[in-house]
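Here is the structure we will look at.
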Amino acid sequence: MKLSKKYTFRSRKVLLIILDGVGYSPKGPESGNAIAGAKLPFLNRVWNQFPTLHIQAHGKAVGMPSDDDMGNSEVGHNVLGSGRIFDQGAKLVSNSIASGDIFNGQAWKEVIGNSKKNNSTLHLLGLFSDGNVHSHIDHTKALISQAILEKVPKIRLHILLDGRDVPEKSALDYLNPFETWLDSLRKSGTDIRIASGGGRMTITMDRYEADWSMVERGWKVHVKGEGRYFSSAKEAIETFRSENPKIIDQYLPSFVISDNGKPVGKIQDGDSVVFTNFRGDRAIEISLAFTEKNFDKFDRGPLPNVLYAGIMQYDGDLKLPERFLVAPPAIDRTLGEYMASSNIPQYALSETQKYGHVTYFWNGNKSGYFDQNSEEYREILSDVIPFDQSPEMKALLITEALEKALNENKQDFYRVNYANGDMVGHTGNYLATVQAMEFLDGCVERLWKTCEKQNIVLLVTADHGNADEMFQLDKKGNVEKDSHGNPIPKTSHTLNPVPISILDPENKIRFNSKLSNPGLANVAATILDVMGYETPEGYHPSLIQNES
């Protein structure tokens, strides 16, 4: 990379702290803003006394179809790490369905051809909501409609209940009209049924190998038809809620739909299986279970010989899966790649829940290192418990590891993700999220003191909002309440901007407050700017104010 000729005051070393899920809202704690409700002496000083901007982290600013779409950690880190905006999975799949390209592709033809040739079942497995973070129910409906047009003999659905990217007890709001639609299809002669399911944080959708038992539980109900039997998904959900009135959708147990004591939709030899999630992190492990010959994460039993496809390819380096319906975004020339090619030392750190975000997603959906000699990646293992039970998560160990790395001063660019605001926020537990934020406050302060000592510039930002809006709000911005008058928890991300602050030990660097509509895509150039390097062609401009 070329050194910039514009500046003379750059420290050339930067620490980027990503406070996952910590957006900005002017609303107070009475509206569910856990950030406003927390005692944050250091972070409030940062946001009020150091140069700070609010930048866009949702919608079109991160490659989503519209500005009504929430940002998320995957697209956020893609944009942070690439300095540009790429159309993301949600938009790519929707566009491919609208154009018909998805159904003219070789993979779809193979999926349909396999079921017709073998007179076998087409299984659609994926997250069942319109959250548009991992999946969209409209995509599933489009696949069903096309499969019926092409006269697939039998269709079975394996639904993962959301309650995380959508309201926490909304499963029946999606299920009831969907079942009505399925009933109309059955009356027209289609053999189609829901076969299995469960909450997304109970089965199937593990990521970063945090808890393979989730995938095993999913395998048992989807593939083997082993589990608690119900006559319908509605009966399963209502039963689980009656047994545990406090349970929310993402934690609902697994279930199997049965007829006359037999599962209606086991996955068997000759079947076709499509995983309908477009986002990769929580799709990789179940895809490995279906496709990996030398698989040792759990006992699959006899592996059914199926034709497996993803609605997208989830890992381009691993070519996982080999068969996919829509090509993923082609993200090139990332910041990490540029730095590695120029031998600029980098350090990336997080706990398991966000480790892939500061590595794989930051690097443009690429696994591994660009140059292991100049890059150091560190993962701290996450606990396998509900995160509101331990809202500090692994923030202390992360802070200690990063302090050590900063004091060793071997790298020029450091990046870290603190998962607390997002992962605790997703539980819907307001008080636990307040505790998480208060714990993070001390961690960030410790790192700033180390940066001051080492003359390292500190950038503090987020990838999207979550902790900033923990209660459901109506269209007028008022808190929605349940029948007991209690605020209804919100577990999804928000549409709010995120703060970005710059802490310069020499107190020289300022933001350009006149930049039009800045977003996450401006952060990569900002990092290079502070380090004294020219911005690559095509990157969104730096947020730094030019020297006069």
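Just so it is clear, glycine is given a Cβ too, placed from its N, Cα and C backbone atoms.
Now, the feature entries from Swiss-Prot:
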| type | residues | note |
| --- | --- | --- |
| ACT_SITE | Ser73 | active site, phosphoserine intermediate |
| BINDING | Asp20, Ser73, Asp463, His464 | Mn(2+) 2 binding site |
| BINDING | His134, Arg164, Asp165, Arg200, Arg207, Arg279, Gly280, Asp281, Arg282, Lys354 | substrate binding site |
| BINDING | Asp422, His426, His493 | Mn(2+) 1 binding site |
Whole-number Å only: compute the distance from the Cα of Gly280 (substrate binding site) to the Cα of His493 (Mn(2+) 1 binding site). 18
Going by Cα-Cα distance, pick out whichever of the binding-site residues Arg282, His426, His493 is nearest to Asp463 (Mn(2+) 2 binding site). His493
Quick one: among the binding-site residues Asp20, Asp165, Asp422, Asp463, which has the most Cβ atoms sitting within 10 Å of its own Cβ? Asp463
Inter-residue C-alpha distance, His493 (Mn(2+) 1 binding site) and Arg207 (substrate binding site) (nearest angstrom): 18
Of the binding-site residues listed as Asp20, Arg207, Arg282, the one whose CA lies nearest the CA of His426 (Mn(2+) 1 binding site): Asp20
Mind telling me which of the binding-site residues His134, Arg207, Arg282, His426, His493 has the densest Cβ neighbourhood, counting other Cβ atoms within 10 Å? His493
Taking each of the recorded positions Ser73, Gly280, His464 in turn and counting other Cβ atoms within 10 Å of its Cβ, which one has the fewest? Gly280
Reported as an integer number of Å, what is the Cα distance between Asp422 (Mn(2+) 1 binding site) and Arg282 (substrate binding site)? 16
Which of the recorded positions Asp20, Ser73, His464 has its Cα nearest to the Cα of His134 (substrate binding site)? Ser73
By CA distance, which of the recorded positions (Asp20, Ser73, His464) lies nearest to Arg282 (substrate binding site)? Ser73
Quick check: with Asp422, His426, His493 left out, which same-chain residues have Cβ atoms within 8 Å of the centroid of the Mn(2+) 1 site Cβ atoms? Asp20, Gly21, Asn72, Ser73, Arg164, Gly421, Met423, Gly425, His464, Asn466, Ala467, Thr491, Ser492
Please tell me which one of the recorded positions listed here (Ser73, Asp165, Arg207) sits closest to Asp20 (Mn(2+) 2 binding site), measuring Cα to Cα? Ser73
Surrounding the recorded Mn(2+) 2 site, with Cβ no more than 8 Å from the Cβ centroid of Asp20, Ser73, Asp463, His464 and those residues left out, we find Ile18, Gly21, Ala57, Gly71, Asn72, Gly76, His77, Lys354, His357, Asn417, Asp422, Ala462, Asn466, His493
CA-CA within 10 A of the residue listed as 'active site, phosphoserine intermediate', subset of binding-site residues Asp165, Arg207, His464 in residue order, equals His464
